[in-house]
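Listed in TrEMBL for this protein:
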- 32, 33, 34, 35, 36, 37, 149, 194: ATP binding site (BINDING)
- 58, 80, 81, 82, 111, 112, 113, 114, 118, 155, 166: ribonucleoside 5'-phosphate binding site (BINDING)
- 52-82: region 'NMPbind' (REGION)
- 148-158: region 'LID' (REGION)
Ligand code: UP5
Ligand code: MG
């Protein structure tokens with residue numbers, strides 16, 4: 001990828017895709033709320049393409065020759081939000097690739113947008129989201145989950161110092177995004193402290209209310 005100043009995806013003043021062409025559901029929730037876990041269930045039953053912004057950043061960080069590797073590493077360790085131009089470009093590239101190679105048009109964008117400027121830039125220049133699936137979970141439960149996962153995850157930010165910083169960033173910077181979408185009545189909130197299966201059942205119920213159906217149902221309707 002070129003220098004940050006040259007990354008074009010966040011700069012367009014018209015969306016690249018219309019909501020008729022592409023469906024995007026943002027998946028938000030604190031660190032360890034279970035975004036990735038629930039997205040993997042949804043991929044299996046609904047045929048979404050799952051794009052985790054954090055995973056895309058970690059991939060770019062590890063890509064030999066990436067000029068953003070060190071920057072991404074430093075931001076993630078500190079629980080800070082990587083400059084949006086990088087994340088939006090990575091998301092747009094991944095969406096284009098999934099559309100071309102896998103004919104995907106339905107996307108779960110996990111862990112993004114985490115800051116109001118990202119939310120505005122993505123919806124202005126890439127595509128407007130349909131709604132945001134928000135996993136509500138207390139810090140106490142998220143901390144237990146992350147420390148447990150940290151025993152084997154190898155993630156540079158699954159340690160108590162980084163986790164505390166991630167919690168602060170989430171409260172101070174990412175919750176305002178959820179609040180703005182909530183005011184626009186575009187938030188679907190689910191209690192994420194239940195078992196993974198119970199959380200998923202609630203998610204499925206709520207998606208049905210929004211007219212989003214599993215693949216099996218779509219085939220029956222066709
Ligand atoms: N688990 C899951 N659900 C459970 C349940 N219901 N009951 C019991 N256990 C449950 O789950 C976490 C752990 O909990 C797992 O062990 C799981 O088995 C268990 P997971 O599904 O992985 O939770 P998730 O919400 O995906 O947690 P994650 O740690 O991925 O969330 P973060 O939001 O912190 O991480 P992300 O990868 O999205 O971002 C990392 C960093 O990247 C950010 O801090 C930031 O520095 C950077 N970033 C940006 O800069 N910009 C972006 O746009 C995105 C990321
Ligand atoms: Mg995750």
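These residue numbers are counts, starting from 1, taken along the chain as shown.
Using the three backbone atoms N, Cα and C, a Cβ is placed for every residue, glycine included.
Taking the features listed in TrEMBL, we show where each one sits on the structure.
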residue : record                                   : DSSP (3 states)
32      : ATP binding site                         : coil
58      : ribonucleoside 5'-phosphate binding site : helix
111     : ribonucleoside 5'-phosphate binding site : coil
118     : ribonucleoside 5'-phosphate binding site : helix
149     : ATP binding site                         : helix
166     : ribonucleoside 5'-phosphate binding site : helix
194     : ATP binding site                         : coil
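Under 6 Å, Cβ to nearest atom of ligand 2: this is the test, and of the binding-site residues 35, 36, 166 it is passed by 35, 36. Listed in sequence order, 27, 28, 29, 52, 110, 111, 135 are the same-chain residues six or more apart from residue 35 (ATP binding site) with CB atoms under 8 A from its CB. Closest in space to residue 58 (ribonucleoside 5'-phosphate binding site), of the binding-site residues given as 34, 36, 37, is 36, taking the CA atom of each residue. Here ATP is bound by 32, 33, 34, 35, 36, 37, 149, 194 per the record. The longest Cα to Cα distance in that group is 17 Å. In this structure the alpha carbons, written CA, of residue 32 (ATP binding site) and residue 166 (ribonucleoside 5'-phosphate binding site) are 10 Å apart. In this structure the C-alpha atoms belonging to residue 194 (ATP binding site) and residue 166 (ribonucleoside 5'-phosphate binding site) are separated by 22 Å. All protein chains included, residue 111 (ribonucleoside 5'-phosphate binding site) registers 23 other Cβ atoms within 10 Å of its own Cβ. Most other Cβ atoms within 10 A: among the binding-site residues 33, 81, that distinction falls to 33. Residue counts for the region 'NMPbind' (52-82) under DSSP (helix as H, G, I; strand as E, B; rest coil) come to 19 helix, 1 strand, 11 coil.
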